[in-house]
């Protein structure tokens with residue numbers, strides 16, 4: 001412990017694995033390794049395919065590249081501490097390292113939310129204004145959107161580590177997960193955390209909350225446009241281009257909302273449920289997104305098959 005008058009700050013936190021299943025951690029690490037490997041390889045393949053295929057150099061796939069990069073970084077953020085705990089029972093993480101991991105996890109989550117919104121906007125323009133789509137979403141516009149997304153996440157979350165660092169901690173140092181999460185760290189403080197709670201809630205609602213609302217509005221407008229199409233085939237074709245994105249939105253937002261609610265209001269929720277929701281939120285989307293897009297996107301699938309044929313030839 002480091003003391004400065006009445007100010008107490010732990011030198012490290014202790015991470016937790018799967019509650020009640022600590023003896024099975026080596027076996028539990030097998031599906032975790034499979035998910036991480038899928039996330040890393042899958043997103044790298046998506047990026048490789050899009051880069052090497054000129055026909056995929058359009059807004060939809062540029063945004064998919066942003067999603068793949070975000071998922072790749074998100075998996076790399078939690079991989080060292082999660083597998084370190086499951087394989088070697090390394091539970092300790094330095095205070096500053098914990099704050100850094102927490103900051104990047106939250107930034108990447110906010111970026112993913114905004115990228116999903118940008119993809120929803122792309123689908124809306126492509127379906128509602130197909131002739132104007134190339135003029136509205138040019139390469140420079142897509143680049144500006146990407147930069148704005150990164151800046152929004154980075155700047156809005158910048159005060160969070162400093163708000164946590166100013167708190168006094170005493171007694172408990174056990175985190176609820178094998179990674180650092182803002183509400184989790186905040187609840188270990190023995191000081192007044194009203195500022196942290198208020199700022200965290202405002203930022204969450206004004207970023208991820210607004211992203212989700214605008215995604216829903218985008219799909220309301222898309223459905224209205226689709227229903228105005230003359231034939232059933234046109235309707236199905238238009239909706240089919242949105243299936244992958246809808247799956248990615250559900251896979252990301254459902255566990256994220258669940259985890260936020262548990263940390264803020266679910267004090268009586270069993271620790272195992274809390275842990276499973278947390279891992280679902282941070283590990284499942286990076287692993288599933290490349291699979292979803294590889295299965296549902298004909299262009300990605302065909303480009304992947306061409307690349308495999310060239311390799312085998």
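The backbone N, Cα and C atoms fix where each Cβ goes, glycine too.
The shown structure was predicted, so the numbers you read here are calculated from the model rather than taken from an experiment.
TrEMBL assigns the feature transmembrane segment to residues 62-88, out of the candidate ranges 62-88, 170-196. Highest Cβ contact count with the transmembrane segment (24-50) among the listed stretches 62-88, 100-121, 142-164, 197-222, 243-264 falls to 62-88 (criterion: pairs under 8 Å). Highest Cβ pair count under 8 Å relative to the transmembrane segment (243-264), across stretches 62-88, 100-121, 197-222, 276-295: 276-295.
Below 8 angstroms of C-beta separation, residues 15, 17, 25-26, 28-29, 32-33, 36, 39-40, 43-44, 46-47, 50-51, 101, 104-105, 108-109, 111-112, 115-116, 118-119, 122, 139, 142, 146, 149, 178-179, 248, 282-283, 285-287, 289-290, 293 of the same chain, each at least six residues beyond the ends of the transmembrane segment (62-88), sit close to that stretch. Per-residue pLDDT, averaged over the domain 'G-protein coupled receptors family 1 profile' (42-293), rounds to 92.
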